[in-house]
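Peer 1: Could you have a look at this structure, given as structure tokens, before my questions?
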Amino acid sequence: MYSVKEAFYSLQGEGGQAGRASVFCRFAGCNLWSGREGHRATAACRFCDTDFIGTDGQHGGRFGDAEALAAHLTALWPDQEGVATPYVVFTGGEPLLQLDTALIDALHRRGFEVAVETNGTLPAPDGIDWLCVSPKGDNALAITAGDELKLVHPQPDAPPERFARLDFRHFFLQPMDTAPLGRAGTTLTETVAYCLAHPRWRLSLQTHKIAGID
Ligand SMILES: C[S@@+](CC[C@H](N)C(=O)[O-])C[C@H]1O[C@@H](n2cnc3c(N)ncnc32)[C@H](O)[C@@H]1O
Ligand SMILES: Nc1nc2[nH]cc(C(=O)O)c2c(=O)[nH]1
Ligand code: SF4
Ligand SMILES: [Mg+2]
């Protein structure tokens, strides 16, 4: 059984695949925060910008097996002529609480490339085509290699220097959106300054928020 908060078709907003048409599958639940505002201040991850509680979002629900969820996600992909490679992004919440090989295989059989956005604290199943790890504070990483490491910045307990030598193809710093925390931020200026001083890191903006899309 898979619990999905919402599923939607949009453009990948962040990281090295930014701008790419994608089906998003947002799993319900996370291992670093309950999702309740009353628990945010004491959670292991405290700056989350996402509602991942329940299965009541657009195209959300409970799916009994991998075939059922794969068929549901395939129906959200518009290009049935096979011109572009279909792309699905599993996120959440924390997708590695639920994503398994059966679901990855079912999407591969339907022609999809499979991407994952994870906090990196749980082991990943085999077969992921684009693995994005986004470390959270001092929570220990179970995944130390992948396609991109995308660090939300600044986090006092997660300085970029701690991650710069891990085995990733791309290193991104993404300014922390402080709106979920109820305050205006200066994180963009600070993040730009860090990238200028440390060329290992590239800037990742949340372009879907700029574009006003999901
Ligand atoms: C909501 S998380 C879900 C996936 C996974 N739990 C994780 O943390 O990577 C999706 C992406 O949004 C990023 N993110 C969450 N809150 C953010 C914020 N306030 N500002 C910028 N990026 C944020 C995360 O770091 C992650 O890369
Ligand atoms: N357009 C868009 N791109 C995204 N990239 C990562 C997202 C996420 O919430 O994991 C996200 C999202 O929520 N929307
Ligand atoms: S780990 Fe990801 S989903 Fe969980 S609270 Fe943090 S940003 Fe949100
Ligand atoms: Mg998001």
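From the backbone N, Cα and C atoms, a Cβ is placed for every residue, glycine too.
All annotation found in TrEMBL is predicted automatically rather than curated by experts.
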Peer 1: If TrEMBL gives Leu11, Gln12, Gly13, Arg26 as binding substrate, which of Thr74, Thr85, Thr91 does it give for that site as well?
Peer 2: Thr91
Peer 1: Specify the secondary structure state of Ser134 (S-adenosyl-L-methionine binding site) as given by DSSP, simplified to three classes.
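Peer 2: Its secondary structure by DSSP: coil.
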Peer 1: Where the distance is taken from Cα to Cα, which of the binding-site residues Gln12, Cys30, Cys45, Cys48, Thr50 turns out closest to Asp177 (S-adenosyl-L-methionine binding site)?
Peer 2: Cys48
Peer 1: For Asp49 (S-adenosyl-L-methionine binding site) and Gln12 (substrate binding site), what Cα-Cα distance in Å is obtained after rounding to a whole number?
Peer 2: 16
Peer 1: In which DSSP state, out of helix, strand and coil, do we find Gly13 (substrate binding site)?
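Peer 2: Its secondary structure by DSSP: coil.
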